[in-house]
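J.: What follows is a structure written as structure tokens; I'll ask about it next.
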Amino acid sequence: MAFSDLTSRTVHLYDNWIKDADPRVEDWLLMSSPLPQTILLGFYVYFVTSLGPKLMENRKPFELKKAMITYNFFIVLFSVYMCYEFVMSGWGIGYSFRCDIVDYSRSPTALRMARTCWLYYFSKFIELLDTIFFVLRKKNSQVTFLHVFHHTIMPWTWWFGVKFAAGGLGTFHALLNTAVHVVMYSYYGLSALGPAYQKYLWWKKYLTSLQLVQFVIVAIHISQFFFMEDCKYQFPVFACIIMSYSFMFLLLFLHFWYRAYTKGQRLPKTVKNGTCKNKDN
């Protein structure tokens, strides 16, 4: 009886919570419930931390050079497209970069922003291949807590962003992240091409700095919300989450920077058989 009562209360709470969801995205892939993505991400964590390494234990590493070249440059092009769409659906045509609320209308611009948010969300599932490539190539030392946590938490939390607030000030970090990914995955793609391209990769050391700057800019932007008395942004909880994430990842990447560069405990060279070692964002 107690379990049945708890279940009914849980269902009631879920129904009350989900009624505020954006009806425009209800029928989009993976958007009906958080359960499918939770199962997918749970299996991802299990595969990259346990099942995958066990399956590869007595096997030779896969040679995935062509696959990684194709994948990395695909992400570059996809990121360019998403960045452009974020600009053309709000950030370059009317957003103030301060208190930008979500437009829930079905106007072409509002729907374009919602679709771009979903594309960004879906891109995070594509990027799970980063870790799967590590596992298949037996580069298990690269499957770090920072890497797996980042690749898991981003799509999971972005489901809620798309479901409830596909637009507005909560999407600025996505715009910035797509721009950063253009640079990062360009580097990864060039690295995968082999040693002949090493002379063009002198800017490797600036990648972590770029990531750190990204988190600082996101924190500065979202912090404005807490100092604007009349901002009508519909989901303040997302502003709190974004602020928390920006500081959390800033600290994690600062720790990485300190360990890899300041203390001299640098990770192995970036390119070896066409892979990038420091792929944590």
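Backbone N, Cα and C define each Cβ position, glycine as well.
Quantities reported herein were computed from a predicted structural model and do not represent experimental measurements.
Relevant sequence annotations retrieved from Swiss-Prot are reproduced here:
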TOPO_DOM  2-27  topological domain 'Lumenal'
TRANSMEM  28-48  transmembrane segment
TOPO_DOM  49-72  topological domain 'Cytoplasmic'
TRANSMEM  73-93  transmembrane segment
TOPO_DOM  94-115  topological domain 'Lumenal'
TRANSMEM  116-136  transmembrane segment
BINDING   K124, R137, K139, Q142, H147, Y187, K204, T208, Q211, R266  3-oxoeicosanoyl-CoA binding site
TOPO_DOM  137-142  topological domain 'Cytoplasmic'
TRANSMEM  143-162  transmembrane segment
TOPO_DOM  163-171  topological domain 'Lumenal'
TRANSMEM  172-194  transmembrane segment
TOPO_DOM  195-206  topological domain 'Cytoplasmic'
TRANSMEM  207-227  transmembrane segment
TOPO_DOM  228-236  topological domain 'Lumenal'
TRANSMEM  237-257  transmembrane segment
TOPO_DOM  258-281  topological domain 'Cytoplasmic'
MOTIF     277-281  motif 'Di-lysine motif'
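Are these features on the surface or tucked inside, and what are their neighbours?
T.: Across all of the topological domain 'Lumenal' (2-27), the predicted model scores a mean pLDDT of 75.
For the topological domain 'Cytoplasmic' (49-72), the DSSP counts in helix, strand and coil order read 16 helix, 0 strand, 8 coil.
Taking Cβ pairs closer than 8 Å, the transmembrane segment (73-93) reaches residues 100, 109-110, 112-113, 115-116, 119-120, 123, 126-127, 167-168, 171-172, 174-175, 178-179, 181-182, 185-186, 189 in its own chain, all 6 or more past its ends.
DSSP states for the topological domain 'Lumenal' (94-115), grouped as helix (H, G, I), strand (E, B) and coil, give 8 helix, 0 strand, 14 coil.
In the three-state DSSP assignment, the secondary structure recorded for K124 (3-oxoeicosanoyl-CoA binding site) is helix. Residue density at K124 (3-oxoeicosanoyl-CoA binding site): 22 other Cβ atoms are found within 10 A of its Cβ, drawing on all protein chains shown.
Residues 22, 25, 28, 30-31, 34, 37-38, 41, 44-45, 48-49, 53, 114, 117-118, 120-121, 124-125, 127-128, 130-131, 134-135, 170-171, 174, 238, 241, 245, 249, 252-253, 256, 279-281 of the same chain sit 6 or more residues outside the transmembrane segment (143-162) yet have a Cβ under 8 Å from a Cβ within it.
Residues 65, 68-69, 72-73, 75-76, 79-80, 82-83, 86-87, 91, 97, 117, 120, 158, 200-201, 203-204, 207, 210-211, 214, 217-218, 221-222, 242, 246, 270-271, 274-276, 279, 281 of the same chain, all 6+ positions outside the transmembrane segment (172-194), place their C-beta atoms under 8 angstroms from a C-beta of that stretch.
Here the topological domain 'Lumenal' (228-236) is broken down by DSSP into helix, strand and coil counts: 1 helix, 0 strand, 8 coil.
Distant neighbours of the transmembrane segment (237-257): 146, 150, 153, 157, 160-161, 164-165, 169-170, 173, 208-209, 211-212, 215-216, 218-219, 222-223, 225-226, 280-281; these residues of the same chain sit at least 6 beyond its ends, with a Cβ under 8 Å from one of its Cβ atoms.
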J.: So how many other Cβ atoms are close to H147 (3-oxoeicosanoyl-CoA binding site), meaning within 10 Å of its Cβ?
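T.: For H147 (3-oxoeicosanoyl-CoA binding site), the count of other Cβ atoms within 10 Å is 18.
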J.: Can you work out which residues elsewhere in the same chain, 6+ from the ends of the topological domain 'Lumenal' (94-115), have a Cβ less than 8 Å from its Cβ atoms?
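T.: Beyond its ends, the topological domain 'Lumenal' (94-115) has Cβ neighbours at 22, 24-25, 85-86, 88, 162, 165-172, 221, 224-225, 228, 230-235.
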